[in-house]
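Over in TrEMBL, the protein carries these features:
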- 20-43: transmembrane segment (TRANSMEM)
- 55-73: transmembrane segment (TRANSMEM)
- 85-104: transmembrane segment (TRANSMEM)
- 116-136: transmembrane segment (TRANSMEM)
- 171-192: transmembrane segment (TRANSMEM)
- 198-216: transmembrane segment (TRANSMEM)
- 244-271: transmembrane segment (TRANSMEM)
- 283-300: transmembrane segment (TRANSMEM)
- 312-331: transmembrane segment (TRANSMEM)
- 337-360: transmembrane segment (TRANSMEM)
- 372-394: transmembrane segment (TRANSMEM)
- 419-441: transmembrane segment (TRANSMEM)
Amino acid sequence: MIHPSEDDESLTKPLGRCSVFYYGIGHMLNDITSACWFTYLLVFLTDIGLSPSDAAVVMLSGQVADGLTTIFAGELIDRFGHFKVWHIAGSLLVAVSFSSVFGGCLPCKLIGSDSAMLQTIGYSVFAAIFNVGWAATQVSHMSMVNCITLNSTSRVVLASCRNAFTMVANLSLYAVAFVVFNIVGAGTPAAVENQYRWIAYISIFIGSCFVVAFAIGTREPRLKLEAHVKGYVRISWMHWFKKILYHQVALVYVLTRLVTNVSQAFLAFYVINDLQMSLSSKALVPAIIFVCSFIVSILLQEIKWTSQRLKGFYTAGGLLWVLCGIGILLLPRNMNAYMYVLSIFIGIANALIMVTGVGMQSVLVGRDLNGCAFVYGSLSFMDKMICGVALFILESYQRSTPELHNCSLSYHFFSLNRYALGFVPAVCALLGVIVTCSMNLQTPILVPLEEPLLG
C-alpha cells in the first residue's frame, strides 16, 4: 500500500514527454474547426449572399450556444467527472455537425426556398449545435490539466503543448484552404459552398484522427478519480466569486481571447479588401502567424515557470500586440508586403499571451480540483458571450465601410477592418497587461519538465 505522502509526491513530479504529447493533441479537432469558424465563416456567409448583419447573427447564435454550454458542462464535470466521456461525446457532435455549417442550408433544400431569413435560421441552428459539442470538448480538455498533475510547471507545459498543437491545427487548415482555393473553382454561390464543404470535410478528418490518438494515449485523470473516492466536498461557485484573483484572471482571459478571435475573424477582410493583396494571402498571412506561434509555444515549454515569469511574458506579448496594432492601423496599400513582417510579430505575441493566460488559470485553481471545471467553464462562458457580442457589433457595421478599390495606393483609410484588426486587439492587449501587473499570483516552488519536448 502506498503511503499518502509518497502518492502525493509522485503526483508533483514532472510529467514525461508522452503524457504531455498525448494531452496536447486532444484539442486538435476543436482547434481546426475553430480556425475555420473564426477565419472563414463570415467570409463564406457573405460570399454566398447573406448580408453582413445576417452573417453576424449566425456567428452570435453559435457563440451564445457555446457560452451557455460551458457553464452546464463545467458544473456536470465537477459533479460527476468522466473527462474523457465528455471529450469524446463533444468531439462526435463537432464532427457530425460542422460539415453542415459550411455545407449549404439544409432547411432551404428541404423546404425549397432560398430566402435570406430561412438561410439565416438554417445556418444559425447548425452553428449552435456545432458549438454545443465544441464547448463540451473544450471544458473537459482544459479542466483536465489540473487533475493530471499537481506540478505547476507541468501544468503550464501542458497548456503550452496544447497551444502548440492549436497552431498545428491552424496551419493544417490554412494548408488545406490554400490547396482548395487554388484547385476548386469559385464563381457562383454553389461553387463557393463546394469549396468550403471540402475544407470542412478534410478538417474534420484530420481532427478526428488526433482525437482517436488522444483517447488511446490519455488515461482518465487519476486525481479526479481519487477525489470522488475520498468524498471531497465540491467547491461552491461563491468560493471563486469571492476571490479577487478569479475576477482578474477571468478579465485577462477574456481580453486575451478578444485579441485572438477578433483579429482572426477580420484578418482575411483586411488583407483582401484594405491591402488589396492576392487571394492566396487569405491562407498565407494566417499561416505565418501560426508558424511563429507554434515555434514560440514549443520554446516556452523549456522555461521553469514562476508567477513573475507568467506576468512578465504576458506583459511582453501584450505590449508587442499594441505595436502590431499601430502598424496595422497605419499600413498603406502600397506597402502591403510589410503585412508578412507584422504577421511574424503577431504570431509571437499571440503565443505569449495565450500560453501565460491559460497558465494563470492553473495557478488560480491550484489544488482545488473539485471546482476546476467550473473555473474553466465560467471563464469560457464569459469569453464566448463577450467575443460573440463584439463580433456581432463589428460585423453589423461592416456594410457601412466604403469601397477602397479606387483609393490611392498610399491611402490608409481607417476602415472598420483596420479598427477591428488593429485598434480593438491592441486596446484589449493593453488592458490585459494593466490587469496582469495588478495580480498577486502565488505559485509553489516549481520543478522543470523532466523530458522537454525538444529533448
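Placed from the backbone N, Cα and C atoms, the Cβ positions cover glycine too.
Unlike curated entries, TrEMBL annotations are predicted automatically.
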Same-chain residues at least 6 beyond the ends of the transmembrane segment (419-441) whose Cβ lies under 8 Å from its Cβ atoms: 245, 248-249, 251-252, 255-256, 258-260, 262-263, 265-267, 269-270, 307-308, 310-311, 314-315, 317-319, 321-322, 324-329, 349, 353, 357, 360, 363, 390, 394
Spatial neighbours of the transmembrane segment (372-394) far in sequence, C-beta under 8 Å, 6+ residues away: 42, 56-57, 59-60, 62-64, 66-68, 70-75, 77-78, 131, 135, 138-140, 142-143, 146-147, 235, 237, 240, 246, 249-250, 253-254, 257-258, 261-262, 265-266, 361, 364-365, 416, 419-420, 424
The transmembrane segment (283-300) vs the transmembrane segment (85-104): 3 or more CB pairs under 8 Å: no
Highest-contact recorded stretch vs the transmembrane segment (244-271), from 20-43, 171-192, 198-216, 312-331, CB pairs under 8 Å: 20-43
Closest-packing stretch to the transmembrane segment (20-43), where packing means Cβ pairs under 8 Å, from 55-73, 85-104, 171-192, 198-216, 312-331: 198-216
Whether the transmembrane segment (55-73) meets the transmembrane segment (312-331): three or more C-beta pairs under 8 angstroms: no
Contact call for the transmembrane segment (198-216) against the transmembrane segment (171-192), three or more Cβ pairs under 8 Å: yes
Winner by Cβ pairs under 8 Å against the transmembrane segment (85-104), considering only 116-136, 171-192, 337-360: 116-136
Tertiary contacts of the transmembrane segment (116-136), as residues 6+ beyond its ends and Cβ separation under 8 Å: 30, 33-34, 37, 41, 45, 49-51, 54, 57-59, 61-67, 69-70, 73, 86-87, 89-94, 96-98, 100-101, 105-108, 380, 384
